[in-house]
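Chemist: Handing you this structure, nothing more for now.
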Amino acid sequence: MSYRVAKASQYLAITGGGITDIKLAKKSWVFPWQSCTVFDVSPVNYTFEVQAMSSEKLPFVIPAVFTIGPRVDDPHALLLYAMLMSQHDKHSNHVNELVQGVIEGETRVLVASMTMEEVFKGTKEFKKEVFDKVQLELNQFGLVIYNANVKQLVDVPGHEYFSYLGQKTQMEAANQAKIDVAEAKMKGEVGAKERTGLTIQNAAKIDAESKIISTQRLGEGTKEEIKVKTEVKVFQNEKEALVAKADAALAIQKAALSQNSRVAEVEAAKAVALREAELQTKVEKMNALTRTEKLKAEFLSKASVEYETKVQEANWELYNKQKQAEAVLYEKQKQAEATKAAADAAFYSKQKDAEGLVAMADAQGTYLKTLLGAVNNDYSAMRDFLMINNGIYQDIAKTNAVAIRDLQPKISVWNHGGAEQGMNGGGKATMNDIAGLYKMLPPVLDTVYEQTGMQPPAWIGTLRGAEPKQSLHAQQHRG
């Protein structure tokens, strides 16, 4: 027995006793009856040069580099790799040929369905298609493509397609360069002519604009001269208007001052009269206040005394009412306390009664369970025992006797004796029953007659003692 530990890029594949299939672990105990294999899961680069042929039957070589390794993030894929590939070294010819066969097969099938132009121009899409198809095949071995790099396509010896394609591109580039040079020369000569024409045009344009500007300057000078003369005239008129306005304002101020002086004289006279009236009014008000204070002093003292008296009486009455209310409140509180105490006592009594009923019910339940067990759970026997023990039958008999005491009922008892005869013989049983029926009929009719007074039909016969009773009833009726 040994304890095995795998490195960071390794796993332990353990088989043997106690393991159903394969146990994958990084570290584990390995017993003598178990086998342990260490396999590496680090990816490996595989370089290939795949010879393929396009749909136009043009052969070429596809250099490719694939980085392939076990899928460590999928336990099922890792188990597949351990079962199928772990016994071979990842650099062995077996693994190399397996991967190369899958890549070459899928690449050739894909290239055979594409043209050379599609392969050459769609390198990115071509790489994705190869990646997906190869990965689909590698899934069954638990392998995954970490990276796939398709290099530049190469010609097969004897088939220089890419060489001719490069020469074609070079010739097209050279021809395009010549065309570009010719166009540049043409643009240069045309540009020189255009510059010369533009120079002449611009010179003529500048001369014309100079003449226009000189004429404009002369007109502007004349306009400025007229404008200055007009402004001088306007200034003179404004000054004359200002002088006239100042004269008018002076006359207005003189008239206003004269008016103000006359108004001031009138206001002074009126102010003296108003002051006299105000002083006279104050004198009269002071006289009225003096008389008012005198009257107030006379009547207010009397009213104050009456007010104090009324206030004292009201306070005394309020005090008496408060005391009465407090007494009534105290009495109500005592009554409420007494009522509460009585209610508590009644509640306690009811509570004790209820507890007694519960205890009695428990005792009766135990009693009934004991009785029921004694009669082997026979409810009818227990019911009969309880009715006999409690005197129910005696009470029923007394009640019935009291009920029919004053009714004076008629009770008929009869027996035809057919039971004993019915027990004898087998062949005569039917005849005995019929005979018993006939024997029973007369007593029944007699009983009906005694109880109800009704006679049987005439075809049956006449009852004994019926005629005397009828005659007796008739005599009573006549009497």
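Just so you know, the numbers here start at 1 and follow the chain as drawn.
Here the Cβ of each residue, glycine as well, is placed from N, Cα and C on the backbone.
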Chemist: Which stretch, out of 227-251, 327-351, 352-376, is listed as coiled coil by Swiss-Prot?
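Modeler: Range annotated as coiled coil by Swiss-Prot: 227-251.
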Chemist: Tell me which of 117-137, 201-221, 306-326 corresponds to the coiled coil entry in Swiss-Prot.
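Modeler: Coiled coil, as annotated by Swiss-Prot, spans 306-326.
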Chemist: Please work out the number of neighbouring Cβ atoms within 10 Å of the Cβ of Cys36 (S-palmitoyl cysteine), leaving out its own Cβ.
Modeler: 18
